[in-house]
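Feature list (source: Swiss-Prot):
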- 9-51: zinc finger (ZN_FING)
- CYS9, CYS12, CYS32, HIS37: Zn(2+) 1 binding site (BINDING)
- 52-94: zinc finger (ZN_FING)
- CYS52, CYS55, CYS75, HIS80: Zn(2+) 2 binding site (BINDING)
- 319-353: region 'Disordered' (REGION)
- 324-340: compositional bias 'Polar residues' (COMPBIAS)
- 374-398: coiled coil (COILED)
Amino acid sequence: MSSSERVPCDFCGERTAVLFCRADTAKLCLPCDQQVHTANLLSRKHVRSQICDNCGNEPVSVRCFTDNLILCQECDWDVHGSCSVSDAHVRSAVEGFSGCPSALELAALWGLDLEQGRKDEENQVPMMAMMMDNFGMQLDSWVLGSNELIVPSDTTFKKRGSCGSSCGRYKQVLCKQLEELLKSGVVGGDGDDGDRDRDCDREGACDGDGDGEAGEGLMVPEMSERLKWSRDVEEINGGGGGGVNQQWNATTTNPSGGQSSQIWDFNLGQSRGPEDTSRVEAAYVGKGAASSFTINNFVDHMNETCSTNVKGVKEIKKDDYKRSTSGQVQPTKSESNNRPITFGSEKGSNSSSDLHFTEHIAGTSCKTTRLVATKADLERLAQNRGDAMQRYKEKRKTRRYDKTIRYESRKARADTRLRVRGRFVKASEAPYP
């Protein structure tokens, strides 16, 4: 692919496209790639790689150091798969990158050496040495060598300058776009600060060795929310500061996270245990203040509700018993006193008693309405059944059982054929007339 056949960038249409995004199926230059893939966290996960030197339409997968070419899978098969001589070429697989690497990291990834990158590295070494000397630490050869053992993260890239240049035929185009990207300051001032800022945005926090502005930015809304919450609690408690302390004490009394039974007393303005309920209520009742009131806890409320339900069931059962025994001989006083009252059906009994008990719960008016409705339904059902029987009888009277002749020709032939004892005579055996 010659210089006239260079693929333009799909985003700007001016520069030469050097990267291929698999997710967007787009060919981009380096500045447009930085602009497109720094939009959100999802776009940073897109895998990009260089464009094939042969076809210019597919991402590269193989690098040939002998011919200084980067080829896609199909072009590599066409070049190195059909010729036995090309099998001796030195090749290696090419992996794409994701994230938003800086210009220096891209240059190190592709084996390019930028002069600006060298100056930055020379300036960083004495600065790091000065910082370590201030802390009383010395950098020895073992510490410097241990940097190679660190596992790189998603945004760090291994420097492959020792493997030689791997940028293909368009080394000058890559160098020009890298320098433009470095001068524009899209990534950051020296290339590293931009990545650190993006890492802070992605991870939500920065190291303590930084400027501290990101940490302060995260702490300011949290402290403002705490102060606002404290002011709200003070307003609820009448403007005093005791409410906040009591709230914090209630939170810190159970550090293990267990659920302790606590009841908030509106009269005292603090929380107390359930065992103090009866004592406090007794104190309020003993004072005899007409304007004072107490709030029962959940257990007392449930007990009162259950006792009310039991009383209601007892009254209903008593009325039911009176109605059932109104038409019978009343038992003696001793028998009625000794007779136990049961609220549930005994073991082995059928559901007729439950149904009877449920029917008696309804009032007399409800029973009368139910009987009237049932009688009307039965009459309507009988009338509908009678009408259906009448229609059936009328239809039966008009029913005809006439025989239908399907084929007229067969009927005429059957009428003219000779019969012997009701059976047809074969044509071969029939006598001639």
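Yeah, the Cβs are placed from backbone N, Cα and C, and that goes for glycine too.
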Q | Between CYS52 (Zn(2+) 2 binding site) and CYS32 (Zn(2+) 1 binding site), the C-alpha gap once rounded to whole angstrom | A | 19
Q: Please spell out the DSSP helix, strand and coil residue counts for the zinc finger (9-51).
A: 11 helix, 11 strand, 21 coil
Q) So around the Zn(2+) 1 site, CYS9, CYS12, CYS32, HIS37 aside, which residues have their CB within 8 A of the centroid of those CB atoms? A) ASP10, PHE11, ARG15, ALA17, LEU28, CYS29, LEU30, PRO31, ASP33, GLN34, GLN35, VAL36
Q: Work through the binding-site residues one by one (CYS52, CYS55) and point out the residue whose CB has the fewest other CB atoms within 10 angstroms.
A: CYS55
Q. Between 0 and 100, where does the mean pLDDT of the zinc finger (52-94) sit?
A. 84
Q: For the recorded Zn(2+) 2 site, enumerate neighbouring residues of the same chain (Cβ within 8 Å of the Cβ centroid of CYS52, CYS55, CYS75, HIS80, site residues themselves excluded), in sequence order.
A: ASP53, ASN54, GLU58, VAL62, LEU69, LEU71, CYS72, GLN73, GLU74, ASP76, TRP77, ASP78, VAL79
Q) Using DSSP, what's the helix, strand and coil tally for the zinc finger (52-94)? A) 12 helix, 10 strand, 21 coil
**Q.** Inter-residue C-alpha distance, HIS37 (Zn(2+) 1 binding site) and HIS80 (Zn(2+) 2 binding site) (nearest angstrom)
**A.** 34
(Q) Going by Cα-Cα distance, which of the binding-site residues (CYS9, CYS12, CYS32) sits nearest to CYS55 (Zn(2+) 2 binding site)? (A) CYS9
Q.
I'm trying to understand the geometry here, so how far is the Cα atom of CYS12 (Zn(2+) 1 binding site) from the Cα atom of CYS75 (Zn(2+) 2 binding site), in Å to the nearest whole number?
A. 27
Q: For CYS75 (Zn(2+) 2 binding site) and CYS32 (Zn(2+) 1 binding site), determine the Cα separation and express it in whole Å.
A: 27
